[in-house]
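Now, the feature entries from Swiss-Prot:
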type     : residues                       : note
BINDING  : CYS18, CYS21, HIS33, CYS37     : Zn(2+) 1 binding site
REGION   : 42-81                          : region 'Disordered'
COMPBIAS : 47-57                          : compositional bias 'Basic and acidic residues'
BINDING  : CYS121, CYS124, HIS136, CYS140 : Zn(2+) 2 binding site
REGION   : 149-258                        : region 'Disordered'
COMPBIAS : 198-214                        : compositional bias 'Low complexity'
MOD_RES  : SER221                         : phosphoserine
MOD_RES  : THR242                         : phosphothreonine
MOD_RES  : SER290                         : phosphoserine
Amino acid sequence: MEGLEENGSVQVGELLPCKICGRTFFPVALKKHGPICQKTATKKRKTFDSSRQRAEGTDIPTVKPLKPRPEPPKKPSNWRRKHEEFIATIRAAKGLGQVLKEGGKLPPPPPPSYDPDYIQCPYCQRRFNENAADRHINFCKEQAARISNKGKFSTDTKGKSTSRTQYKPPALKKFNSPGTTSSGSSRLPQPSGTSKTVVGAPSGKVSSVSSSSGNKLQTLSPSHKGIPAPHVGTNIKPRNSTPPSLARNPASGVLTSKRKTYSDSYMARPDGDYISSFNGGNTKGIEGNSAGHLPKFCHECGTKYPVEWAKFCCECGVRRMVL
């Protein structure tokens, strides 16, 4: 350069490239540039932190630089195993399509493939990535503990319910009245020969309800209240006995006078109840409470009832019978 300044003219010559950075210099300048370029190439330059420069002269404290995290080691790729599984699935799909076209027995499905890099959960047997497995296993552990506790509570409640249902009340003591020797003080109805006749049963069918007049007399007697009962005669008639005028004979021709019997002996009400009168007394009954069987066809005109709960015939208007 001194020679250039002295002469006052620019020397034109060949430019030589630098071996390190590749730039071209004159031979005189290249001798000075060579050691400087080599030193800067080997020396690592610190990264410039602009946040520190901006924080200078303010109250903001300088933040410590974060240390770079070491990169995790790369896992070896299992590309060969994945390739073989892919080929196996394609072959299985082709074989299934061929069997469906030709017809025949279906081949067994290919075995499931598992990624060896995944971690299996010991509670639900599912597989997850490392990061997901750390979160899932703790959650699944809590869920399994809750389910086991619920099972314990359910067994405890079952035991309590069984103990409640198996409870039996203490047996009542029976006290015999002083006037009787048998255990007649029980209030439960006992079977007897008397029966209650249901009025209006067709074709002489009579539905009898067992009742005991002796029990009713005994409950109304003074001996039921702890007072000695007087001598009861044997010729006492039961209160609910059937009058002889209402007793029907199956051999009599009742089938010809069904409509007349229903119209004379029953008084229908709009709510579906009926009143049967005999000997000056009224007896109320409900068809829903009767244990009889309802016919499917009308006994007057033979028309089939459209619904099971019909009370009257839709053609002739006659009330439905109770068998």
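Note: Cβ is positioned from N, Cα and C throughout, glycine not excepted.
Here the features listed in Swiss-Prot are placed on the structure.
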| residue | record | Cβ contacts under 8 Å, 6 or more apart |
| --- | --- | --- |
| CYS18 | Zn(2+) 1 binding site | THR24, PHE25, LEU30, HIS33, GLY34, CYS37 |
| CYS21 | Zn(2+) 1 binding site | CYS37, ALA41 |
| CYS121 | Zn(2+) 2 binding site | ARG127, PHE128, ALA133, HIS136, ILE137, CYS140 |
| CYS124 | Zn(2+) 2 binding site | CYS140 |
Report, as numbers and ranges, which residues of the same chain sit near the region 'Disordered' (42-81): CB under 8 Å and 6 or more residues beyond its ends. 116-117
Starting from the Cβ centroid of CYS121, CYS124, HIS136, CYS140, the recorded Zn(2+) 2 site, name every other residue in that chain with its Cβ within 8 Å, sequence order please. PRO122, TYR123, ARG126, PHE128, ALA133, ILE137, PHE139, LYS141
Provide the number of Cβ atoms within 10 Å of the Cβ of CYS37 (Zn(2+) 1 binding site), excluding the reference atom itself. 18
Helix, strand or coil: which one is CYS140 (Zn(2+) 2 binding site) in, per DSSP? helix
